[in-house]
Amino acid sequence: MALIRDRKSHHSEMSKCHNYDLKPAKWDTSQEQQKQRLALTTSQPGENGIIRGRYPIEKLKISPMFVVRVLAIALAIRFTLNTLMWLAIFKETFQPVLCNKEVPVSSREGYCGPCPNNWICHRNNCYQFFNEEKTWNQSQASCLSQNSSLLKIYSKEEQDFLKLVKSYHWMGLVQIPANGSWQWEDGSSLSYNQLTLVEIPKGSCAVYGSSFKAYTEDCANLNTYICMKRAV
C-alpha cells in the first residue's frame, strides 16, 4: 500500500510540472548586435584596405571613364598653358603693332606707321600675310591692287621677325631668263648676304621659307603670299 501511495504522489508531482508553461529563455541580442556593428565601424583597415568582420566592406572601385576624364582635363589645361606661353613669346618677338596714328618725327627711332588696317607694322614697314593660295603672277597682282609688292628681303637685322616664319609664301624674287640671274620686283639684284637661295630645276620664282632661306619653285604652283610696303 505504501508503494502505491508513493507512485500516486510521484504521478501527482509530475502532473503539476507538465501544467507549467515551459518555454525556452529568450536572450536580448539587440545590445550584442549593436556592439558588433560598433566594433566594425571603429576597426582599423587591414590588408588591401578591407575591414575584417562579420560584415566585410567591399573595395573602392574607380570607373575607367573617370580616369579618362581626369586625364583629358589635365591635357586640356597643359595645352592651354602652352598656347598662352607661345602667344606671349610671339607677341614679344613680333610686336605686331597696327599703326593707325601719326607720331612725332622726333621719335623717328621708334616710329612705325601708319599702315592699313589689319596690317603688321615692323620697323617702318607694313606686312600682310595672305592665306589664300595663288600663282606667283596672281599673288603679284593682288599685292599691286593694294599699293604694295611681294615680300623683299633687304636687311636681316631690320626684318628679324621673318626668321620665325615656318610655312612657304611667294616673295618678290624671280629669275631673269636671259642671264639666269635673280632679281627683285623693283629690278635690284639679289645679294647673297640678304638670304640663302636654294635652287631646284624648273623653278624661276621663289618662295620664302624660314630663317632667311628662299626656295626656287615653278611660278604656276599655288602658294600663300606676303605683301609688303613702306609705311608713310
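Backbone N, Cα and C define each Cβ position, glycine as well.
Annotated disulfide bond per Swiss-Prot: CYS112-CYS121, CYS115-CYS126, CYS143-CYS227, CYS205-CYS219, in sequence order. What Swiss-Prot lists as domain 'C-type lectin' is 122-228. Annotation source Swiss-Prot lists N-linked glycosylation site at ASN137, ASN147, ASN179, citing sequence analysis. Among the features that Swiss-Prot reports, topological domain 'Cytoplasmic' is placed at 1-66, with the record citing sequence analysis. If you look up Swiss-Prot, you'll see 67-89 marked as transmembrane segment.
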Between CYS227 (disulfide bond) and CYS219 (disulfide bond), how many Å separate their Cα atoms? 17
Whole-number Å only: compute the distance from the Cα of CYS219 (disulfide bond) to the Cα of ASN137 (N-linked glycosylation site). 7
Neighbour count check, CB within 10 A, over disulfide-bonded residues CYS115, CYS143, CYS205, CYS219, CYS227; minimum at CYS219
Per DSSP, three-state class assigned to CYS126 (disulfide bond): strand
Cα within 10 Å of CYS115 (disulfide bond): which of the recorded positions ASN137, ASN147, ASN179, CYS205 qualify? none
Euclidean distance between Cα atoms of CYS121 (disulfide bond) and ASN147 (N-linked glycosylation site), Å: 15
Around the Cβ of ASN147 (N-linked glycosylation site), how many other Cβ atoms lie within 10 Å? Please give the count over every shown protein chain. 10
Could you tell me the mean pLDDT over the domain 'C-type lectin' (122-228), as a whole number? 91
Using a Cβ-Cβ cut-off under 8 angstroms and a sequence gap of six or more, which residues of the chain neighbour ASN137 (N-linked glycosylation site)? CYS219
Between CYS121 (disulfide bond) and ASN179 (N-linked glycosylation site), the C-alpha gap once rounded to whole angstrom: 36
How many Å lie between the Cα of ASN179 (N-linked glycosylation site) and the Cα of CYS205 (disulfide bond)? 15
To the nearest whole angstrom, what is the C-alpha distance linking CYS205 (disulfide bond) and CYS143 (disulfide bond)? 16
